[in-house]
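> There's a structure below that I have some questions on.
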Amino acid sequence: MAKNVVALLGLLALASAVGMASGAGGHDYALALKKSILYFEAQRSGVLPPNQRVTWRENSGLFDGKANGVDLVGGYYDAGDNVKFGLPMAFTVTMMSWGILEYGKQMAAAGELRNAMDAVKWGTDYFIKAHPEPDVLYGEVGDGDTDHSCWQRPEDMSTSRQAFRIDPQNPGSDLAGETAAAMAAASLVFRSTYPGYANLLLEHSKQLFAFADKYRGKYDASITVARNYYGSFSGYGDELLWAAAWLYEATEEGCYLEYLARNSDALGGTGWSINQFGWDVKYPGVQVLAAKFLLQGRAGAHAATLQRYRQNAEFFVCSCVGKGAVNVPRTPGGMMYHQRWNNLQFVTSASFLLTVYADYATRLPGSSGGVRCPGGAARPYEILAFVRSQVNYILGDNPRGTSYMVGYGGSFPRQVHHRGASIVSVRRDPSFVSCQEGYSSWYPRQAGNPNVLEGAIVGGPDEYDDFADERNNYEQTEAATYNSAPLLGVLARLAGSCGTGLEEYQLPPAAVNQTSPPPHRRRPHHAPPSPIEIEQNVTRTWVVRRATYNRYSVTVTNRSRKTVRELHLGVSELRGRLWGLDKARYGYVPPKWLPALRAGESLRFVYVQPGTPANVWVTGFKLV
């Protein structure tokens, strides 16, 4: 009897917590979903359709590709400029498609499924044009350097519209792989309603994957003008695995699952444990998909390898929800924080992966109902409640009371860094606006933009929850398609909850009377030993002005029988200088003269700081 009362009180407390997390009906997730999809209409390039709802835009980029002898009219502008960058555009389409596949029913209930599918098709129609031959893919129209010297509406563009491509002599496995993933995922979106189009997308996807795998190389070494804007920091291994995973999902053909398993070490799928997911690094997305295959009983003879993928997926989950051995930092207001420049891209993409993984852990037959983390179990209802907190933060539940979705709520950014939105609509004033006129007359205006970029997710606040709504503050006020794309599925999931959403947060029967261990107690991590061993030692100590300084020597050893390449190390709580490693996009890497660690080999680096040692861990590597 007493146990039943305790369980009932626990559920009542949970109901109260969920009610508060949902803002007691304070956020209209269906409205936010509608606005998010609307944003993509503002980013359209090409001939706008008759049902275009963003009426301050007009046709643009009508001669794209002409100088190259190919039709490249259409697609999306990536952010606040007028360039069509292929890599982030393809990631955008992949994430929109994944959101529809997981939460299409909820989108339909909100009346937005058709609009979401139209948004996907606007991208895939362009990709079909951009892939005129099996081993040719156009990956960019316009260039950032020329474009950024102008402040013009897309309808007035007078900058270069040169197109850039990859081919066997100029490969780009990351770009071709991501585009293959986008077209495979989109083929599933249209499979039941537009089967002929779905088959066409799948044909393109298979060709692009074969091209990406056969002619390997980073796309920014071939399309060099992209390097300063969308450089391929994580390499192409993640995109090859990502494409294979989506092709397996779309076709059920065993060769793609075999590829995913056979290349798990060499391409980094089981070597990378990272808490960022976005247009550059896809490893967490691959790992979540692989975990899905495993939980669905689709792993076949590759269950052991997919289990290793799953362990890295759960590293991501644990790190995001604050129960990992290494956790994503948070601002005082509770937002996940990675970097000042466009931090919200990582919040929305992580929120999507957390949402689908929580649902997989609840629905799929092979799941255990939760995620085992070093800091205690992360149950589906806890993961989803955390996702809701991140979405609510974006929508205005933050220290500033600002919605970082433009057009949602009473207080939102008015000076978004966006050329088209910041200049009077061409429909209202068709007078040509030159490059310099845009910069002299429109860019510095203190007033809000004349056109509201509804649904856009801007870069967002800094690590202290501070935000400056200024047009020249592009790190915080520029929006991007890949910020919004992952959020579509999350908003549909939240909008589809009835009432306070208790039905989705119910504790599993076996967990009703369980409690998590206190935060200071750590369960042993369930992942297998890493093939890379890290050892730290104090080699010297001295005192300066009553402060004790230590010189720490760190030895990193390859304990596997293979060669370690592209090693990335994470270092946190570093309060002094470090020697022997180079700073990179995802942590630290060995110096260039040490590209690999053969079996049994070690590298050493040192750092000096007062007090306790820094936290050093392996972020990623490939075994070849």
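Using N, Cα and C of the backbone, Cβ positions are placed for all residues, glycine too.
Features from TrEMBL:
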type     : residues : note
ACT_SITE : His417   : active site
DOMAIN   : 532-612  : domain 'Carbohydrate binding'
REGION   : 510-531  : region 'Disordered'
SIGNAL   : 1-23     : signal peptide
> Give me the long-range Cβ neighbours of His417 (active site): same chain, 6+ apart, Cβ under 8 Å, in sequence order.
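Looking at Cβ-Cβ distances below 8 Å from His417 (active site), excluding near sequence neighbours, one finds Gly80, Arg471, Asn472, Asn473, Tyr474, Thr477, Glu478, Ala479.
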> Just to confirm my parser: what is the rounded mean pLDDT across the domain 'Carbohydrate binding' (532-612)?
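Summing pLDDT over the domain 'Carbohydrate binding' (532-612) and dividing by its length gives 93.
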> With DSSP, how much of the domain 'Carbohydrate binding' (532-612) is helix, how much strand and how much coil, in residues?
0 helix, 54 strand, 27 coil
